[in-house]
Amino acid sequence: MKLKAMYSFLSDDLAAVEEELERAVQSEYGPLGEAALHLLQAGGKRIRPVFVLLAARFGQYDLERMKHVAVALELIHMASLVHDDVIDDADLRRGRPTIKAKWSNRFAMYTGDYLFARSLERMAELGNPRAHQVLAKTIVEVCRGEIEQIKDKYRFDQPLRTYLRRIRRKTALLIAASCQLGALAAGAPEPIVKRLYWFGHYVGMSFQITDDILDFTGTEEQLGKPAGSDLLQGNVTLPVLYALSDERVKAAIAAVGPETDVAEMAAVISAIKRTDAIERSYALSDRYLDKALHLLDGLPMNEARGLLRDLALYIGKRDY
């Protein structure tokens, strides 16, 4: 099922969330709001708000409350993108100039911080201390993941568990929190809240692994940035780690560094694609996806459950 068809069930609610996002990024200091709006208008799948809204269907659904949760989670995601672009020295995001490219590195960092603060402000509207604590802890873990990404650049000897821990913090926990907080804010029973949290966690792991695969298999037009950007920026992802076990390409990959030019990198990327690294990466993504789908079987049967399944399958099987 296409993403647009999946979203049709929530189209009016997502439109309301989008309007709330525009209000949330506004600032009395014009340039901050302008930069945040620049990123917001670049678009995106709004995966996290969708998970919030669907998870809330397992409790007492109240759009006015859910808007605050959905906006808070999307703002964290936006903040992490702004910071990532600084870390990776990226000039394009979704086919548009990044904030750091259009303004500056320093301005981008403060814009990211501003979005984190706005996120906490939005969640405070719920008046739910536990939800606020979950959100704050999620921000802490996202920041830890960002620091780990900096430390792990060009570290081709890192074990698989280091990569998995990093993507858990940078990606999976935010999707897990989206599911958890949607259900929590709707007053869903605790066993359902926990089940949705772990569903989101496993979907998030599959999501990031698939994203890392697409960096090698997608086109610049599909990705909104040059293919192979992760490796070019020193980010050691799952396909790279698996390819390092192939002696034919190990030396070439290990030689990659900040001075490697685009032509040399293109040759390394082609070599990686000739190994079984992509297939092995998809296999691990599928394992996480299977765990997520199994958890859905224990949820009450409703339309949201079916859409969560469709969304999980889309995330794990998408080709761009």
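Numbers run from 1 along the shown chain.
Here the Cβ of each residue, glycine as well, is placed from N, Cα and C on the backbone.
Record note: Swiss-Prot gives R93, K170, T171 as all-trans-hexaprenyl diphosphate-binding, and the candidate from Q41, Q133, Q208, Q233 in that site is Q208. Fewest other C-beta atoms within 10 angstroms, among the binding-site residues R48, H77, R93, R94, K170, are seen around R94.
Reduced to three states, the DSSP call for R93 (all-trans-hexaprenyl diphosphate binding site) is strand. Using T171 (all-trans-hexaprenyl diphosphate binding site) as the reference Cα, a 10 A cut-off selects H77 from the binding-site residues K45, H77, D88, R94. Shown in sequence order, G44, R46, I47, E74, M78, L81 are the same-chain residues outside K45, R48, H77, R94 whose Cβ sits within 8 Å of the Cβ centre of the isopentenyl diphosphate site.
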